[in-house]
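Read the structure below first, then the notes.
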Amino acid sequence: MEEESIKEGSEKPRGARTADKAGWIKKSSGGLLGLWKDRYLLLCQAQLLVYENEDEQKCVETVELGSYEKCQDLRTLLKRKHHRFILLRSPGNKVSDIKFQAPSGEEKESWIKALNEGINRGKNKAFDEVKVDKTCALEHVTRNRVRGGQRRRPPTRIHLKEVASAASDGLSRLDLDVPDSGPPVFAPLSDISEDQPQEPPRALMPPVKPSPGPETSAVEDSKETPAGERALTPDSASSGANPESQEDAETPAKEDSDVKSLPNSTLSEKLKVSWENPSPEKPSAPESAQLSSSETPEATPRESKKPPAPPPKILSEKMKACMSGVDASGSSQSSEAPETTSPEPTQVSVNGMDDGPESALQAMGIPGPAPEDAAASPALPFSDLPSQFHPRSSSLGDLLRESPQHPRLPKEKLYRAQLEVKVASKQTEKLLNQVLGSEPPPVCAESLLSQAVEQLRQATQVLQEMRDLGELNQETPGLVQKRKELVTLYRRSAP
């Protein structure tokens, strides 16, 4: 022991200066015999270096303290004061426990404390070390700059004044530049005020319709007379020749006021019919003879202002079937009309309409072309209408002579025949439905099958109820036989 104390009192080697703790300690060999040998231990951070002597030339063992759990006092069965301590390994590491023996109790406590600190450093080694990859390192901004020999002189007072004046000058310049950067306000207003008397932009505005003077309105009224209004005038022409001359002068002004006040969507049904089928309507002979030269040009400009002719209406089968009843009644009324109301044949030719379904439809106010050729052929544009009307200079004989140029009797007869066939077929269907509705429904296979299915369902329901009762009460052989007979009975009754 004295030798050990002498060794400890001797000077520490040069390697011990960098170590956390160094000294001579007895270390167990770990064998069965448990031999103890003096070793020079050197604690560096998280490593324990074991040497044979203080020269630190031959390292016998290197212990990584991170693989151990803790260092504590070793208690033996014998109560001798050996001052021993042990390094306990952490679970999961394939290292063995190491036993040491210190020369004194104080030395033992100091080594236990130092080794525990080394173990903690080994455990936290991953957190303490900061590894910086050189490839990912960012270059410093000013580290590689060339440094001058002297430091920069502080700015003088004159320099500060110059900087302040330049800054104030720049701010004033910015203030002056603000209006220029904003939207131009004064220059465009002056330009507009100078250009106002010329008024060139007004040409781009949509043209405002000026109120027409008395002369222009008279000219336009003399030029405009729609075909629909012309179709209305023959009704008043049948009253007499003298009142027509007085009413013809009054009707244009009234019609103009009515047309201007009412939009196109609120026109009467007769006007719509006249627009869709303008060709069969012609002016009356007495009216054409009595109209003055000033009233004749009223038709052309008014027609130009009217909306364009709608596309031809092709009646569907449902529409024709709905109108068939009206056409049949209209044809019977129109056949009786020429015998009673029109004794003269001139009225039929003047109106340009024969005993067709259109006369009945127009009298009842139902829009729709009656002749088949008018329904199938597209409506002629209003620009071609003046060519179809007879000239005003033609006489009554010319009108009567040219009237048979439009052969419509065969087509009208065919149309009537088709309508009669449709009406007859509909009436037959109605009668057949009434007869079938009054008779009892015949026995069919579906009703028999449904009855059989219902009987089978009732049988299965009764069988299920009997099964439930049989589970509660003990079934006798007689009940089982009855149930079988009942099932067979239901099966036989089912088709």
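Note that Cβ sites are derived from N, Cα and C of the backbone, with glycine treated the same way.
Looking up Ser239, Ser261, Ser331 in Swiss-Prot, the residue bearing an annotation of phosphoserine is Ser239.
For the residues Thr251, Thr296, Thr476, the entry in Swiss-Prot flags phosphothreonine at a single position: Thr296. Swiss-Prot records phosphoserine for one of Ser245, Ser265, Ser292, Ser393, namely Ser292. Note on Swiss-Prot: of 28-53, 444-469, the range annotated with the feature coiled coil is 444-469. Per Swiss-Prot, the residue annotated phosphoserine among Ser257, Ser294, Ser349, Ser395 is Ser395. Swiss-Prot marks one residue of Ser67, Ser172, Ser236, Ser316 with the annotation phosphoserine, and that residue is Ser236. For the residues Thr233, Thr300, Swiss-Prot attaches the annotation phosphothreonine to Thr233, which does not rule out the feature elsewhere.
Through the fold, the coiled coil (444-469) approaches residues 483, 486-487, 490-491, 493-495 of its own chain, all at least 6 residues removed from its boundaries and within a Cβ separation under 8 Å.
Secondary structure by DSSP for the domain 'PH' (18-120): 19 helix, 44 strand, 40 coil. Its own atom aside, the Cβ of Ser165 (phosphoserine) has 10 Cβ atoms within 10 angstroms in the protein chains shown. The C-beta environment of Ser168 (phosphoserine), restricted to residues of the same chain at least 6 apart in sequence and closer than 8 Å, is empty.
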